[in-house]
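K.L.:
Not my notes, these are from TrEMBL:
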type	residues	note
ACT_SITE	B:His243	active site, nucleophile
BINDING	B:Trp140, B:Glu150, B:Asp170, B:Lys172, B:234-245	substrate binding site
Protein chains: 2
Amino acid sequence: MHGLSDFVFTRMLNEDPVLKTIAILGTLPSPTDNSLVQPAILLIEKTHFAIQTTDSDITQRISDLISTGSNDIYNWWNAILSPGKSNDPDLKMTVIYPATEAHIAKYSHQTRKMITETAEVYRTAVLPWIESQPKSRIQWVENILSGLKEQENVLFRDNDPNTGFIILPDSKWDKRTLSSLYLLAISQRSDVRSLRDLRPEHLPMLKNIRDKVLAMVPEKFPGVASDEIRMFVHYHPSYYHFHVHITYVTAHVPGSTVGQSHLLDTIIDNIENIDREYYSKASLRFALGVNHPIYEIITKSQIAN
Amino acid sequence: MHGLSDFVFTRMLNEDPVLKTIAILGTLPSPTDNSLVQPAILLIEKTHFAIQTTDSDITQRISDLISTGSNDIYNWWNAILSPGKSNDPDLKMTVIYPATEAHIAKYSHQTRKMITETAEVYRTAVLPWIESQPKSRIQWVENILSGLKEQENVLFRDNDPNTGFIILPDSKWDKRTLSSLYLLAISQRSDVRSLRDLRPEHLPMLKNIRDKVLAMVPEKFPGVASDEIRMFVHYHPSYYHFHVHITYVTAHVPGSTVGQSHLLDTIIDNIENIDREYYSKASLRFALGVNHPIYEIITKSQIAN
């Protein structure tokens with residue numbers, strides 16, 4: 001990779017106006033053979049503002065102000081910035097080169113739909129699909145639990161075969177910024193595939209995770225209090241071995257929205273105080289990408305009913 | 001307001017590195033009396049990328065590339081942009097001038113904590129506080145329902161006194177972008193203060209809202225299908241008159257995170273298929289600003305228990 005001056009734009013793959021990110025498909029010549037032109041994916045993100053001080057506040061970089069309106073005490077403007085310095089870049093970029101069809105699919109816009117999984121559809125159609133998945137898909141989890149891989153990442157380990165778990169940083173966390181703290185607790189038991197399997201017999205495990213995380217995080221990460229920790233489970237999860245997401249209370253984390261996520265405390269309360277069989281009875285509703293295999297399984301089941 | 005050249009930085013009030021926004025407190029001289037210097041709040045947001053085409057892709061504005069690492073097919077860079085044009089501004093800004101203490105508090109960082117409201121704490125401490133709120137706080141809702149105000153905003157009206165509701169756009173929606181669609185359904189009944197009051201007798205109202213919204217939105221907003229609509233209720237809500245938030249399936253909306261929000265379908269399922277008294281029994285967990293009156297009510301109750 002020599003740079004981007006030879007990048008030729010093909011088309012936009014995706015964008016997010018809230019997060020200020022775009023994914024562009026283009027081409028770049030090979031650095032070793034200029035006649036070979038291959039696909040490249042460019043992921044670009046506007047940077048956050050540098051730390052503001054009296055000497056370096058952003059208003060000093062404004063080269064043009066364009067008034068767009070005003071009402072009473074409110075005044076709206078657009079502004080153009082003069083070029084920044086290398087310690088205050090405007091963009092963060094990732095270039096994937098050469099990019100395969102799989103990379104292009106991964107970074108392309110995917111239509112999502114709201115969908116309801118009834119208890120019956122789970123039992124008759126979704127569970128058989130989960131059980132048909134090759135065990136090798138979660139071999140990486142077994143490797144961490146058994147101590148074969150990633151031991152340098154493990155922050156905490158409780159080896160009890162029934163209630164134990166390990167904690168490691170989520171790969172999306174920078175391991176520094178406490179306000180975006182993101183850890184994972186992975187259960188030692190491998191017989192709980194998801195939320196749907198949880199029964200009263202698992203309450204000791206769920207409470208052990210809750211209580212030890214609330215004690216351990218403030219100890220390992222001074223500055224995060226136990227009432228600033230949010231713990232939740234995804235449904236559907238990205239892999240079928242029970243795990244709990246642990247984030248700072250206000251961290252913006254993909255998938256922490258209602259429907260995708262279930263608070264650990266709510267799960268415990270539902271099983272303990274509402275109904276022992278809550279998760280085998282409930283209709284669960286969530287947004288799902290239409291290319292996810294479960295989308296087809298559920299929509300076909302509903303037509304068949 | 002003449003511009004920002006006289007803006008003097010005082011301190012940062014708040015920032016959001018995910019949304020790329022900052023709130024700065026400073027001072028500006030009065031436009032009519034230069035000797036009078038008053039507080040000003042500057043809200044700044046990085047803009048999203050302009051539409052990318054072959055002729056105008058963002059790579060053409062890059063003036064400096066700084067490589068920050070690489071691994072196999074992944075290459076990371078920072079970049080400096082050359083100045084944009086007025087139709088492609090770098091920043092959007094709001095200036096509030098003169099700003100009062102109330103504005104400063106509103107835009108300042110507020111610590112949030114995770115908190116659990118048990119059924120007992122709700123009954124003995126939270127409900128009495130809700131009942132002590134003056135009726136005038138929700139007079140604006142009555143004004144809309146009775147047809148006195150905002151009739152030009154009402155998109156749909158069902159006047160049944162038990163199951164009816166009105167729909168209007170949420171004030172945060174731009175009324176154009178379907179991917180950020182945000183509507184509110186406000187119940188005609190004024191005896192349901194929140195989620196906590198919902199019982200089997202309210203199922204006809206909940207289902208009426210669900211079914212009519214699913215039919216009405218795709219009709220009024222072609223391009224939004226019924227399975228691209230997400231409906232949820234906040235707990236705690238910002239006002240105690242039952243209402244449902246309606247958004248596009250992928251819209252980034254504040255408060256749509258787990259704990260703050262409860263899907264309408266999940267509420268119906270909990271009451272109908274799990275437990276008729278679900279919402280008078282459940283422990284509800286959510287993040288709350290420590291300055292919210294309910295934060296003190298709940299934490300004091302728990303100490304007292």
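Using the three backbone atoms N, Cα and C, a Cβ is placed for every residue, glycine included.
Computed from a predicted structure; not experimentally measured.
For each feature listed, report its degree of burial, its nearest neighbours and the pertinent distances within the displayed model.
P.N.:
For B:His243 (active site, nucleophile), other Cβ atoms within 10 Å of its Cβ number 21.
Look at B:His236 (substrate binding site): DSSP puts it in coil.
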K.L.:
For B:Tyr240 (substrate binding site), list the number of other Cβ atoms lying within 10 Å of its Cβ atom.
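P.N.:
There are 19 such Cβ atoms around B:Tyr240 (substrate binding site).
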K.L.:
Quick one: of the binding-site residues B:Asp170, B:His234, B:His236, which has its CA closest to the CA of B:His243 (active site, nucleophile)?
P.N.:
B:His234
K.L.:
Which state, by DSSP, holds B:His243 (active site, nucleophile): helix, strand or coil?
P.N.:
strand
K.L.:
Using a 10 Å radius around its CB, how many other CB atoms surround B:Asp170 (substrate binding site)?
P.N.:
15
K.L.:
At a 10 A cut-off on CB-CB distances, which of the binding-site residues B:Trp140, B:Phe242 has the highest count?
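P.N.:
Most Cβ neighbours within 10 Å: B:Phe242.
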